[in-house]
Amino acid sequence: MILLDNNFASIIQAIETGRLLSDNLKKVAVYLLPGGSWTQIWPVFFNLWFGMPLALSAFQATIFCMVNDVFMSLAMVTEKPERDIMARPPAIRSKDHLLNLKLLFHAYGLAGNLECFTAFFCFCYYWIDNHVPFYSFMFTFEKFGVDPVTPYSVPQLTEMTYVAQSVYYCAACLFQFFNYFATRTRYTSIIEHNPFWGKSRNWYVFPAMLISAGVQILITQVVWFNHVFLTGPVPVKYVMPALGFGAFWLLFDELRKLCIRKFPRGIIARLAWFSEQSPVSQDSKVILWPSNSKSSQEQDVHTISLDELFDRLHTNPRTGLSSSFVADARAYYGENKLTPPKPPNYILLLIQQLLSGFNSILWFAGVLAFLAWKPLGDPETASSNLALGIVIFVVIICNSILNVYQQLKSIKIVAAFSKLLPTLATVRRDGNEQQVVTDEIVP
């Protein structure tokens, strides 16, 4: 965060804005991980390991990530700050990361597993309701519809698979609506921090939901999309369970937040994905200046007298700092400037993006898709596995290149902002006002 004016009141606003950005980025991660990765990777594993029909096509997975979740994530970025945002202690860079084990457990272990179960429940509900028992599509692999026999021909089962995949896709999208409202607050109730009115109002989410719902209808109900992208029309009754499971998740998360508010030091609060930035108690202290005296390490500058404050800072309003103290402070703290970052290594950045985070899992999934295409060189294997593997690899490469481009762009923006910083500052030293280079300013 770089201030472009000399108003000290802007510092408070800058701190709040920085914390809000950090909160919203974490909320976006908690929102995206259950649907954008967990719910999409398990259909591939179930298809490869348990021989069931692929529950989500590559096209639908791409639309889910690039359209449905994108608009909802943009709405999440515009969320307003919660009431305790300025009551927390400062973040510790060595401990407070964007992603941590608690956040991943919440996203994958709780929301992700329930969303994945919801989508598979609707997927299986469609098959069973159409007289295709569960055992008829589990562990069948390439013999689906042949052994065991079903009431339908292979072409009919292929068309039904397109519909079942669309059911899975729509169920995951609907569950994400509820996941959004469960994620938009850290521990505040949705009733208190509602999106309709008040300081927490966020009307951007409703157009985002309409766009997501419109895309679902477009690719599943329009005949042209059905023929070109191999989707199918979704009967409404097969996605209705997603509404029930989504409401259950929202209610469960509200109860979890209630426990955190009632028992801020309980086990549930300690397992919360934001617990590293829990509200600060009245007894908390923040160290401002290093000193041998414990009293000078407490955040009490707004309560002590001016004389005591000047004495603590080794200065006074008439003479300012002494030259000897400035020399000692400069020797202790060093120059008042940021250490310039090392020039980026483009190849290393690209390799890090290709192998970091969820991409490592996608590489594994892509290799499995190629093995499923021709594990033993069988010429009659389905080419859809080959297409899936190619799509996964293309997505990994394109996403990595885009991330590298964004990192380099951010580096250039920071470098451009550094040129806007003032080079001179007016100070009082040894009783005289003088202008010094900003590098020579000391605490």
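Placed from the backbone N, Cα and C atoms, the Cβ positions cover glycine too.
As given in TrEMBL:
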- 300-374: domain 'Cation-transporting P-type ATPase N-terminal' (DOMAIN)
- 56-78: transmembrane segment (TRANSMEM)
- 103-128: transmembrane segment (TRANSMEM)
- 162-182: transmembrane segment (TRANSMEM)
- 203-224: transmembrane segment (TRANSMEM)
- 236-252: transmembrane segment (TRANSMEM)
- 346-373: transmembrane segment (TRANSMEM)
- 385-405: transmembrane segment (TRANSMEM)
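Over the domain 'Cation-transporting P-type ATPase N-terminal' (300-374), the average per-residue pLDDT in this prediction is 78. Listed as Cβ neighbours of the transmembrane segment (385-405) (distance under 8 Å, sequence separation of 6 or more from its ends, same chain) are residues 44, 54, 58, 62, 346, 349-350, 353-354, 359, 362-363, 365-367, 369-370, 372-374. Contact counts against the transmembrane segment (103-128), taken as Cβ pairs under 8 Å, peak for 162-182 among the stretches 56-78, 162-182, 203-224, 236-252, 346-373. Same-chain residues lying 6+ beyond the ends of the transmembrane segment (346-373) with a Cβ under 8 Å from its Cβ atoms: 37, 41, 44-45, 47-48, 381-383, 385-386, 388-389, 392-393, 395-397, 399-401, 403-404, 407-408. Long-range Cβ contacts of the transmembrane segment (162-182) within its own chain (Cβ-Cβ under 8 Å, at least 6 residues beyond either end) map to 31, 34-35, 39, 43, 53-57, 60, 63-64, 68-69, 72, 75-76, 111, 114-115, 118-123, 125-127, 190, 195, 205, 209, 212-213, 216, 219-220, 226, 230-234, 238-239, 241-243, 245-247, 249-250, 253-254. When DSSP labels each residue, the domain 'Cation-transporting P-type ATPase N-terminal' (300-374) comes out as 43 helix, 1 strand, 31 coil, counted as helix, strand and coil in that order.
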